[in-house]
Amino acid sequence: MLLLSLLFKAALLRLVNSYHPFYNGFYYNHIMNDDDNGHEKVIDFNGVRLVVETSKDPIYSFSGANVTLPCHYHHEPESEAKHKIRIKWSKLRDDYTKEQDVLVAIGKTYMAFGDFRGRAHFHRTGQRDASLLISDVRLQDDGKYRCEVIDGLEDASDVVELRLRGIVFPYQPPRGQYSLNFHEAEKVCQEQGALIATFHQLFQAWSEGLDWCNAGWLADGTVHYPIRLPRKPCGGVHLAPGIRSYGPRHLHLHRFDVFCFSSTLRGEVFYLEHPTRMTLEEAKQACQDAGAEIAKVGHLYSAWKFHGLDRCDAGWLADGSVRYPIAKPRANCGPAEPGVRSFGFPSKGRFGVFCYKER
């Protein structure tokens with residue numbers, strides 16, 4: 001019995017050592033190079049290689065727009081043979097693992113999935129074009145996309161990044177500072193017509209001047225805050241400007257503020273006033289009477305950022321806060337810098353109202 005076991009193991013070892021990986025009808029061989037750097041070089045004896053190329057630079061767009069993510073493929077050297085090509089687009093997480101399927105195409109037939117159904121299309125302008133057209137771009141479309149081309153058993157892919165032009169704003173709920181766990185933070189951003197910001201979006205906002213000393217959640221479950229002017233309460237005067245990090249935090253137990261991200265608007269924000277001003281409930285009704293809805297915080301920030309909304313009158317917003325946007329600083333309208341000023345969440349008082357109307 002022992003002899004049979006040893007013979008079986010010896011035969012299995014010979015099979016393993018003699019095995020050559022089979023790929024697309026051709027054998028491949030692995031040969032160590034001789035430049036003493038310890039890296040393994042793969043020699044392809046096939047002689048034909050599938051190459052997929054996308055844009056190396058990010059593709060920029062904004063909410064409500066249509067955008068094309070370019071992707072092209074070819075063989076090296078060029079081959080005249082007819083190929084049954086399958087194309088697959090996926091949206092990726094920041095660590096490049098798949099988040100969701102977007103579109104699969106075989107020939108002229110394609111299918112979109114999930115939130116992309118009806119919005120994602122195979123944009124083919126040439127024989128080797130695998131580009132993706134996304135219509136009616138949404139906030140959640142921001143991110144990385146993989147274009148994968150499959151030719152029989154061979155496949156190749158490349159990644160392109162879609163970035164939405166937008167604005168990051170810090171948010172505290174009515175109950176005060178550092179009162180949101182991660183899941184509550186995600187929810188309040190959505191309630192304000194926004195999404196919880198990514199680190200890239202926060203970094204971009206910091207590079208454009210955002211300075212905020214309160215720590216807030218980001219989409220990956222980490223907590224950060226952006227500092228342009230170092231000072232004692234915000235990490236110390238001797239630290240360089242930058243994004244301060246608390247690292248990953250417990251999504252249920254730890255509580256902070258949140259950074260939200262909003263893009264350009266599909267509608268218009270406008271101000272309504274009343275001779276005697278309004279309570280919050282009266283303000284909501286006034287917007288409805290005007291064929292609109294009371295504006296959300298994300299609406300106001302976007303209108304200020306992208307449409308230059310400037311109003312030196314405080315107005316109610318949907319979350320019960322009172323704010324006003326200043327594009328051109330002037331006397332009696334707050335600090336010397338442009339921005340959205342806040343009066344907090346007054347329990348009493350009468351003000352105007354900012355309304356939002358879809359186009």
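Backbone N, Cα and C atoms are what each Cβ position is placed from, and that goes for glycine too.
The disulfide bond feature in TrEMBL is assigned to C213-C234 (among others). For C234 (disulfide bond), other Cβ atoms within 10 Å of its Cβ number 19.
What TrEMBL lists as disulfide bond is C312-C333 (among others). The Cβ of C333 (disulfide bond) has 15 neighbouring Cβ atoms from other residues within 10 Å, across all protein chains displayed.
Averaged across the domain 'Ig-like' (64-163), the predicted model reaches a pLDDT of 92. Feature annotation from TrEMBL assigns domain 'Ig-like' to 64-163.
The domain 'Link' annotation in TrEMBL covers 167-262 (among others). With helix defined as DSSP H, G or I and strand as E or B, the domain 'Link' (167-262) counts 22 helix, 30 strand, 44 coil.
Feature annotation from TrEMBL assigns domain 'Link' to 268-357 (among others).
What TrEMBL lists as signal peptide is 1-18.
Note on C213 (disulfide bond): other Cβ atoms within 10 Å of its Cβ, all shown chains, come to 14.
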